[in-house]
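Record features (TrEMBL):
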REGION    1-20  region 'Disordered'
REGION    34-84  region 'Disordered'
COMPBIAS  61-81  compositional bias 'Low complexity'
DOMAIN    116-279  domain 'Yip1'
TRANSMEM  136-156  transmembrane segment
TRANSMEM  168-196  transmembrane segment
TRANSMEM  216-244  transmembrane segment
TRANSMEM  265-287  transmembrane segment
C-alpha cells in the first residue's frame with residue numbers, strides 16, 4: 001500500500017504473525033514532512049550525506065547535516081557593510097576617496113586611447129564611471145616631463161657658460177599650472193553650468209575630460225625640449241589643436257543644455273583658457289631664457305629670435 005505523503009504503521013505480534021491483525025483497526029496514517037525537511041534521496045546532496053554517514057559512522061561533517069547558526073547571517077551582513085559594500089562613505093574616510101579611483105588598468109588604457117583617437121563621445125567611453133586615477137597620474141606625468149624638458153632646454157641654453165644648477169622653481173611652476181588647470185577649471189565650469197540651468201553637468205566627468213585631455217601634452221613635452229624655436233611652436237600647436245578638439249567635442253552636448261548665448265560664451269572661454277595653457281607651456285618651459293627660471297633671461301641672454 002503506497003500513498004504519497006503518508007507513513008504506513010502496522011502492528012505485528014512477537015511471533016511475526018499477521019493472521020489475526022485487523023488492518024482496518026490497526027492501520028494508521030500519519031502526515032509526513034520528509035519532503036520538506038530533507039532532500040529527495042535521488043539528489044546528489046542526499047546521496048553524499050548518506051554515504052558520509054554510513055562510511056564513518058559518526059564521522060560526517062556537522063556542517064553537512066546541521067543548518068548554519070543564526071549568527072552567521074549577521075556576521076556576513078556586517079562584514080559586507082564594513083567592506084564598503086553598502087555602507088555610508090564620509091568625507092574624512094579613505095573609502096570616500098577610494099570610490100573615485102575604482103578603475104582597472106584596461107579601462108584606463110582604453111580611455112587614454114579614446115582621448116588620443118576620439119571616435120565616439122568620451123562620456124560614452126566612461127560608461128557612467130568617471131575616475132580620477134587617470135587624470136591624476138596624467139597630470140603628474142605632464143608636470144615631471146615639463147620640469148625635465150625645461151631643465152634640458154635651460155641646460156642647452158647655458159652650455160659653456162659655467163656650472164649648471166637645477167632650478168626646482170620649474171617643478172613648482174609646472175605643478176601649479178597643470179594641477180590648477182586640470183582640477184580648478186573644471187570646478188569653475190561645473191558651477192557655471194549649474195548656475196545657468198544645466199542638469200546634465202557632472203563634476204567628476206568634467207575632471208575626467210580635462211584630465212584625459214592633457215594626455216597629448218606628454219609626447220609634446222618629450223619632443224619640445226629642442227632648441228629649434230619653430231619646431232617647438234609646431235609641436236605646441238599640434239598639442240593645442242588635438243586637446244581643444246577633444247574638449248569641444250565632448251563638452252558641446254553639455255554646454256548646449258544652456259541657452260544659445262550662454263553656450264557660445266562658455267565655448268569661447270573654454271578655448272581661450274586652453275589657448276592660455278598652451279602659450280604658458282611654450283613660453284615658460286620650452287623657451288631658452290624662460291621667465292620661469294630663477295635667473296631669468298638676464299643671465300642666459302638668449303637670442304630673441306630663438307625665444308619666439
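A Cβ is built for glycine as well, from the same backbone N, Cα and C atoms used for every other residue.
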**Message:** Need one number: mean pLDDT over the domain 'Yip1' (116-279).
**Reply:** 88
**Item:** Tertiary contacts of the transmembrane segment (168-196), as residues 6+ beyond its ends and Cβ separation under 8 Å
**Value:** 135, 139, 142-144, 146-147, 150-151, 154, 202-203, 206-207, 209-211, 214, 251, 254-255, 257-259, 262, 266, 270, 273, 277, 280-281, 284-285, 292-294
